[in-house]
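Take a look at the structure below.
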Amino acid sequence: MYSGAAAAAGPPRRDFISVTLGPEEVVGVGGYNNSKAWRRRSCWRKWKQLSRLQRSVILFLFAFLAVCGVISYTSMGEAWKSITNKSLDDQRTEQEIPGLKLANPAVLPAPQKADANHGDYPELSPQKPPKPPHVRRGPSNLQIKAPRRDTRLKTQRDTIRAVEELVQADKVEKMEKSIISWRGAVIEPDQSTEPPSSKIKEPKKPSSVEAEDLKEPVPINERQLAVIEAFRHAWKGYKDFAWGHDELKPLSKSYSEWFGLGLTLIDALDTMWILGLKEEFEEARKWVANDLVLDKNVDVNLFESTIRILGGLLSTYHLSGDSLFLEKAKDIGNRLMPAFKTPSKIPYSDVNIGRGTAHPPRWTSDSTVAEVTSIQLEFRELSRLTGDEKFQKAVDEVMKHVHTLSGKNDGLVPMFINTNSGQFTHLGVYTLGARADSYYEYLLKQWIQGGKKENELLEDYMRAIEGVKKHLLQRSEPRKLTFVGELAHGHFSAKMDHLVCFLPGTLALGAHNGLAADHMKLAETLIETCYQMYAQVETGLSPEIVHFNLHAQKGHKDVEIKPADRHNLLRPETVESLFYMYRFTGDKKYQDWGWEILQNFNKYTRVPTGGYTSINNVQNPSNPEPRDKMESFFLGETLKYMFLLFSDDIDLINLDKYVFNTEAHPLPIWVPA
């Protein structure tokens, strides 16, 4: 109702607001009203706007979360149930046996009930649970039954977990079995590598290893005992007159120093281990632990320090499992690395291990090819053990560089290489003797060490052997012995170093590893020649160098010896090859030849007060002119190879598991990770 004043003023004024609505926004037809139906339609519209890929991803995530929820629920339920049952069982046990506490609970779950489901593995037949009174070493059997119909949606996670735990327990059991004794000393292998030896050894502690898993050790025979006696006699002289020094002078009952690093002692460590000389080994170990000082101002030869010290320490570490030797090996390895700081990456010959400096010999800037290419086995193994790639990288660069060089003659290399230019020098002279010998040996052995994968090494080795056949092989008169001579600027020389007698063993090793069969035939002919280098000499000991007669002459043997070459340094190369030949052929004549050599060492080089001496004249049995020096390699190589030669146990340093460096220190062949 309006008042009278308003009426008198005329009709009232009306204000209007115009709003235009789409049909879908009219309330009750489809407009926003915060209802559940409207929200559902809005979400559906958004869902339809997504691409097919986006919708698939979202659906997958929801399905994954749902599966995880089911798995978590079932796993938690089973685990809680197992814990509850175990607690009840433990309580019952403690009630039955007062005072008993369950220590070190089992890693594996307790055996399940007969109707427990362990996953869908139809290929495994159901097994009955073990009887309670029976106790068996190792993990308990898994109880496998077909899944019930109402549990077929359960995942296989529980079964997978149980299998993984079973495998882990089996590894633990194998580890316990591998704690073994090799000739009286306990070995606990480094778990990061393969066990160092395949030789069956007595267990450290009594265990339930089945009898069929044990191999009876091969008894030590009389010839091996003779080697042990010879070693002890040599060691007595070293211990009495040269302990901790490099080399024994047995006649003057004193010593000589080269590097002042106890070369003889370190070179002999693994020999003592292989011969089973526990007391001597422990004495030497104490010296290494307490008295071997590497931080000293002294120049050492890179090659000799690597093959004798680094190689000896690495080998002893693998045989004994004692980390002391690995730590010392890392120390000397790092101290030798300055040798590689050259313009060409071809290392210098000499290193000062205290100052960290290196230099070539004073008279030349060259290094010998054998020295720079015969340190690879040791540095590569040091990298594998330490995880530090710098050692292997340095020596691999040397081999790759030499592989590409010109100046070779059908695979044969010159004797010298310049550290500045990285090129061969003194071209045209080719030999398998001093300054080049172990280059060829390490081509093959690196290939074997690395698992036969480095084809460049094999190619260089095979090419070199063909070069030997083409250029260096000749036959002597009158017995037509095959020998390896030398080539100098196209002229053949019938000169053969005793050092070359490494070749028969190397050829046999290559043939054993699948190389050409004619390599073994050549090895058989060459080892006969090396034996004749002893047998045709008055003392039965080989000189350092021989010359072969190429033309038959009345009253002349195949072997001729010059006065400057008739010394014997107690070298190992012939015995080394005899060891390989016997190991691969089983021919007893190789053992007999080695026995003759040992008897002649005892007859002409043994010093009554202890030790053995090199001699100046192998052609004079009445006065071989002793030189008053026992080289470290007599203990490190010669007697070691003698002992192995006389053994009929092929697992005593198994040649399918170990490769010897050029100082007779065995290093493991790498196996795929």
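Indices start at 1 and increase along the chain as displayed.
Keep in mind that glycine also has a Cβ here, set from the backbone N, Cα and C atoms.
Straight from TrEMBL, the features:
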| type | residues | note |
| --- | --- | --- |
| TRANSMEM | 56-76 | transmembrane segment |
| REGION | 99-156 | region 'Disordered' |
| REGION | 185-214 | region 'Disordered' |
| ACT_SITE | E304 | active site, proton donor |
| ACT_SITE | D437 | active site |
| DISULFID | C501-C530 | disulfide bond |
| ACT_SITE | E544 | active site, proton donor |
| ACT_SITE | E573 | active site |
| BINDING | T662 | Ca(2+) binding site |
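Overlay of TrEMBL feature records on the structure.
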{"residue": "E304", "record": "active site, proton donor", "Cβ neighbours (10 Å)": "17"}
{"residue": "D437", "record": "active site", "Cβ neighbours (10 Å)": "24"}
{"residue": "C501", "record": "disulfide bond", "Cβ neighbours (10 Å)": "29"}
{"residue": "C530", "record": "disulfide bond", "Cβ neighbours (10 Å)": "28"}
{"residue": "E544", "record": "active site, proton donor", "Cβ neighbours (10 Å)": "19"}
{"residue": "E573", "record": "active site", "Cβ neighbours (10 Å)": "24"}
{"residue": "T662", "record": "Ca(2+) binding site", "Cβ neighbours (10 Å)": "25"}
Closest by Cα to E304 (active site, proton donor), out of the recorded positions C501, C530, E544, E573, T662, is T662
Quick one: pull the CA-CA distance for the residue listed as 'Ca(2+) binding site' versus C501 (disulfide bond), whole Å only.
-> 12
Cα of E544 (active site, proton donor) to Cα of C501 (disulfide bond): how many Å, rounded?
-> 11
Please name which of the recorded positions listed here, D437, C501, C530, is nearest in space to E573 (active site), Cα against Cα.
-> C501
